[in-house]
């Protein structure tokens, strides 16, 4: 793929090229950001369609920043390697250099990264989350004008906060028939009083850790977001009626956070009360009920706080309501450190064809602009995407969605779509 030439984009050449013109974002003692007018922001193209959608994102975000600030602010983009390209160039799928520059940069963005199946290779996405303690996966879901499978898609405007470090994703598993599984089974039966009928000899076991500390920091982030953005109805979900020690505890800890001095008087927990000015309402909802409510009345919820596994389910269902993950941005956020990303996979079947939908990564780029305080530029991106979709212009998947609903649409390639959006940035 031929790369578009950007004077403020520094591609990897034997090592990361750090521009002298740029400055690194700084993390203050209170974990807020000190953002210069010329921040260095690293990007990872990713695998599959990653390079194509990254080029599109760079064009759109650069255009929005230039149109908004007329040169007084500029991002200096630095390419880092991870995934297939990193393995090809360095022999490692996640080079130490990438981790070092991400640490110094505080904020970054990446395309999709694959994990080879059956080769014993650990997920790079998981490794990055662990390295920088990105403990909240934040996924806004809203309609931009695309064809959708549900009527009145404007009803969908919510943000899923998925806890990113706890739960069954901890990866502590014991496969059926192994000595380890046998040892754990015997311990549970003999020492912990577990019933033998629940743990037959051929049982496999996965551990589901959930801690008070990790839960509460995640809930605080979600409640702060809701209060700062005037999001009134907040749900904390889980199967606490079944898994009392984990998901039940998660819900209880969420309500304890609501009673902390920071939130006292700002978070309404009475089921019969309505939130007033400057308040939000926190409601407990069983996970299966939430899945049903998202389909039947998505407008009921503004923010959903979830555990890792339930958040995985809920965020994908919510995305499906507005056309799928190709329209949804995402940010992995910790205490200051943040890595924004596309929500979809590598899509190797269309890689290199120049037809991939770049909106997920582009909207993640706009989300990143908001995160560093450049909200005016972010809004220009959102407005331009809406204008472009309102004219029924998009990559083949977007155009096909319109056509299936009897709407005439214009199908364009990835970069042409990015150019159409950029032309509409005002």
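Numbering starts at 1 and runs along the chain as displayed.
Cβ atoms here come from the backbone N, Cα and C positions, even for glycine.
Annotated features, as they stand in Swiss-Prot:
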| type | residues | note |
| --- | --- | --- |
| BINDING | 123, 125, 129, 139, 162 | D-threo-isocitrate binding site |
| BINDING | 312 | Mg(2+) binding site |
| BINDING | 344, 345, 346, 347, 348, 349, 350, 357, 404 | NADP(+) binding site |
| SITE | 169 | site 'Critical for catalysis' |
| SITE | 239 | site 'Critical for catalysis' |
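Swiss-Prot feature annotations superimposed on the structure.
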residue : record                          : Cβ contacts under 8 Å, 6 or more apart
123     : D-threo-isocitrate binding site : 115
129     : D-threo-isocitrate binding site : 164, 165, 332
139     : D-threo-isocitrate binding site : 159, 160, 162, 315, 318, 319, 328, 329, 330, 331, 343
169     : site 'Critical for catalysis'   : 126, 308, 309
239     : site 'Critical for catalysis'   : 247, 286, 287, 288, 310
312     : Mg(2+) binding site             : 162
346     : NADP(+) binding site            : 46, 47, 48, 49, 50, 112, 113, 114
348     : NADP(+) binding site            : 47, 48, 49, 114
404     : NADP(+) binding site            : 147
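On its own chain, residue 125 (D-threo-isocitrate binding site) has 113, 115, 341 as residues at least 6 apart in sequence with a Cβ closer than 8 Å to its own Cβ. The binding-site residues under consideration are 162, 344. Their Cβ neighbour counts within 10 Å are lowest for 344. When secondary structure is read from DSSP and collapsed to three states, residue 123 (D-threo-isocitrate binding site) falls in the coil class. Long-range Cβ proximity for residue 350 (NADP(+) binding site), meaning a same-chain Cβ under 8 A and a gap of 6 or more residues, is found for 49, 356.
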